[in-house]
Amino acid sequence: MTPGLIVICGPTATGKSSLALALARRLGAPILSADSRQVYRGFDIGTAKPSVTDQEDVPHYLIDICDPTETLTVADYQEQAQALIAQFHTEGQTPILVGGTGLYIRAIVEGLKIPRVPPQLELRSQLQSQGQVQIYQWLQQVDPPAAQKIHAHDQVRTLRALEVFYTTGIPLSAQQGKNPPSYPILQIGLDISDLDQHTDIIQQRTAAMVEQGWLTEVQKLIDHYGVELPLLATLGYQEMKAYLHQQITLEEATAQTILHTRQFAKRQRTWFRANSGIHWFDATNSDLLSLVWKDIQGQPWL
């Protein structure tokens with residue numbers, strides 16, 4: 001067997017982590033997370049982070065590697081992921097990269113050449129004080145291609161793109177060349193074609209997160225890091241924070257989270273479907289594991 005990389009990607013709430021665990025057990029493979037929020041300690045329930053039991057059962061990497069006040073750039077993630085993949089290859093292992101952060105996956109699969117601009121804390125503070133609406137408008141002016149790929153409410157990525165532009169004078173979108181890896185890669189995509197069914201799953205998952213103590217998690221993050229923590233403005237956490245501050249009801253917070261998750265899944269679907277190299281599978285197929293396993297066995301390098 002030639003060491004390579006198995007990628008499991010696709011929209012949120014399609015069972016990517018469960019499939020990765022099942023395959024990792026069969027292959028004796030480590031799992032690398034490709035989730036831009038699971039890298040942060042304390043953001044657990046709302047990011048569907050693998051449980052402690054699952055992490056003890058199968059080695060997971062690139063989870064809980066940063067404090068929420070720290071900045072992990074795509075270049076930082078890429079560097080750490082590439083180092084881990086190289087390490088596993090020397091041990092004869094093929095790791096599994098799983099997640100829904102498209103840029104993280106592209107950084108590895110396509111070998112994106114990403115500008116290594118250190119975080120500019122003073123600049124970030126100045127930009128953040130202007131509010132997300134204003135800074136996103138600035139991004140649309142200075143780097144339209146980057147703005148098209150970044151959601152208008154994604155403050156973390158908006159700040160980073162502006163940071164790169166104001167530090168280097170060159171738009172982030174103009175600095176991303178490619179240097180694809182030489183090892184073989186199998187990309188597996190999971191999706192649910194029945195959007196009503198996918199919505200039901202998102203509703204059930206959101207309700208389960210609340211029952212598991214998501215509100216307590218958000219309150220602890222607010223108490224420890226402050227209400228202005230940028231990560232608390234991300235999907236789900238923003239809505240739960242609004243409820244805790246008595247701005248909306250829990251029913252409204254849950255409904256908004258479900259709606260925004262559906263919208264996020266749509267954007268992920270568009271992103272990943274543009275990649276012709278992905279082998280797609282129906283996440284609701286009862287024979288999913290067998291079908292994916294057959295695909296893996298059909299790869300000459302595995």
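Just so you know, the numbers here start at 1 and follow the chain as drawn.
Cβ atoms are placed via backbone N, Cα and C, with glycine included.
Matching 15-18, 35-38, 67-70, 175-178 against Swiss-Prot, the residues noted as region 'Interaction with substrate tRNA' span 35-38. Listed in chain order, the residues near the ATP site other than G10, P11, T12, A13, T14, G15, K16, S17 are G100, L190, A283, each with its Cβ within 8 Å of the site Cβ centroid.
Long-range C-beta contacts of G15 (ATP binding site), restricted to its own chain and to partners at least six residues apart, with a cutoff below 8 Å, comprise L190, A283, L288. When Cβ atoms from all protein chains are considered, those within 10 Å of P11 (ATP binding site) total 26, not counting its own. Here the CA atom of T101 (site 'Interaction with substrate tRNA') lies 12 Å from the CA atom of K16 (ATP binding site). Secondary structure of the region 'Interaction with substrate tRNA' (35-38) per DSSP (helix as H, G, I; strand as E, B; remaining residues coil): 0 helix, 0 strand, 4 coil.
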